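Working notes for the structure below.
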């Protein structure tokens, strides 16, 4: 064996021995009461940092949405400005006069010998069949929004919460329209959805309107991410919905 190979082998063995010594010393450190207290404090600080990172992530998402909205507004204002400038430069020198027509004719203008035409009443239309009403989630009021703790709503706005309620109502209406639809008129896709809806019902949801995350993905553009679940916490706080769990599913019941 060459001397260089022997030196490399010795170096490798010494490195392994050093790693073992460090591991043993760290394990022994973890058993000391004073160091346990320090490790517990570090664990608590890591939890706090994780919460701050979650809030920071929500703040970044909010700022991105605000930035996109401002860009759209700026583009819209530029278009409006161009239209106004075009109108300003192309105003005609003479505008047509508006002619006023009298809707009622005075009695003195009528010819007494001319027979008066009596209009026949239109046939009464049959009222449409009553459609089964679907319960929707009421929007959040300003007072309710102000009553939500600041740590819960973070940077979320009043309009953002009500926009989510609008999307949830869209999912509820789409789901229960299928459930109220005659089975004969269903295609294969609708029939599969119908059977899924029936399978998801339990004795606790009987007679109540509810959706699951799959309905959110099926009927809306919402994403079931951290922000969505923060919004659900706010809706639970405002008593707009409750949860029924079972069979690996969380059912969001409209209250």
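The backbone N, Cα and C atoms fix where each Cβ goes, glycine too.
Among the residue ranges 6-48, 49-91, the one that Swiss-Prot annotates as coiled coil is 49-91. The candidates are 101, 157, 190; Swiss-Prot tags 157 with the feature phosphothreonine. Residues 93-96 are the range that Swiss-Prot records as motif 'SXLP motif', among 1-4, 93-96. As annotated in Swiss-Prot, phosphoserine applies, among 108, 188, 242, to 242.
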